[in-house]
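Inspection log for the structure reproduced underneath, given as structure tokens.
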Amino acid sequence: MSNPDFVIRGAKWQGEAMDLLVADGKIMEMRPTGGSIAEGVEKIPANGALLLPALTDAHVHLREPGFEWKEDIASGLLAAAHGGFANIMCMANTDPVNDEVSVTEMMLDKARLAWPDGPRLFPVAGLTKGLKGQQLTNLAEMHRAGCKAASNDGLPVHNTELFRNAVEYAANWGMVVIDHCEDPDMAPGAGVNEGELSSRLGLKGAPTAGEAIQVARDILLAQYLDTPIHVAHVSCRQAVEMLADAKRRGVPITAETCPHYLLLTEDAVEGYDTAAKVNPPLRTMDDVLAIRQALNEGVIDILVTDHAPHADHEKEVPFAEAPCGISGLDTALPLTMRMVDEGILDMETAIRAWCLRPAEIFGLPSCGFAAGDSADFVLYDPSASWEVRPELMRSKGKNTPFMGQTMPGRVNALFVGGRRIV
């Protein structure tokens, strides 16, 4: 066996101290610590840190081009790197929309210039031209340019025949369609759940039925076409129950949710807190419990941030006028570790949802520790707690309902393809 390029010494993996051997940007071997290492091989002490596969975020808004005051590709990838992410899929709701090869190429060029060694950027193609839901984007060209998926993002395609054609067209190129499931006629972008709270606050609410109707349509289409569809940011019990039934029947449907749907309820918008205004909105505790169970049982496949940064002045307005969205890249991994600590999910589920299933669904580099896997991993210090404050967030967007909370641990190092990024 040839010698490794370097060894991570004594990192904690599944409760055991391990050595991770890396050669040519790939995992060579993971083994119990203490074995002999050839002279001249760099030894990097883990200093008690946890060893984790690097994360993949399949739903991020980097805002560039067009909205660079909210975020840009360089700042978004900075937040991603310090958050432990090796792979980022960025949505197409830019200006211009990412519906042309030139826009995709610009995004990739910006990413390579700012972060030549990673995190890796995978732009998501706009499903329709201008995200207007009328004319399909040339997905063949977008796939060749580097897009792994297509989505109309927060403007779901209401025309079912057009959406069907889009799903079939994308599948011809190995692309998965990601659908924001919301009936566009039922309070789109309301940012608060329809119910007693929204009535008391005098706000127009978004009912769970609006989400469930679109999920039902997508399940029926995926079954009829026998073609995968990916459901974005699931937030309610009704959607979960339909997805569970569909998966039992073998329908090729996958789904995602976000940390905020696992940890927060609609009560977070009390006091008209725009930091908690998100689409789909935060729901009831019953919905939260259903989402948790679905993630643990694999009904929901992956976790994403739906990172949606905004400038302070955009959120510091009356609730009804504020944009939806939570800045999530800085806090996603610490929040996940909090959920593991609290027993909301186990580490195996967290790794499946952040690291393994995204690669399987979207055809991305696998972040694992099998020999030959890309050496994408994190050293995470669980003892280095920190308080979420604007100056400690790398993203330009400071819009988070977790502001002021203490996060359990931080990323000490991120390696992508065997190169240390952080």
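Cβ atoms here come from the backbone N, Cα and C positions, even for glycine.
Since the structure is predicted, the reported quantities are computational estimates derived from the model, not experimental observations.
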Since TrEMBL lists D153, H180 for Zn(2+) 2, which candidate among H143, H230, H233 does it give for that site as well?
H233
Going by the Zn(2+) 1 site in TrEMBL, where H59, H61, D153 are listed, which of the candidates D286, D287, D301, D306 is also part of it?
D306
Which one is it: of the recorded positions H233, N279, D306, H310, whose Cα lies the shortest distance from the Cα of H59 (Zn(2+) 1 binding site)?
D306
For the Zn(2+) 2 site built from D153, H180, H233, further residues of that chain with CB within 8 A of the site's CB center:
H59, M91, S151, G154, P156, I178, D179, C181, E182, A232, N279, D306
Which of the recorded positions listed here (H61, R63, N93, N279, D306) have a Cα atom within 10 Å of the Cα of H233 (Zn(2+) 2 binding site)?
N279, D306
Can you give me the Cα-Cα distance between L62 (substrate binding site) and D306 (active site) in Å, rounded to a whole number?
10
Quick one: give me the count of other CB atoms within 10 A of the CB of D306 (active site).
27
At the level of the C-alpha atoms, what whole-angstrom distance separates D306 (active site) and H61 (Zn(2+) 1 binding site)?
7
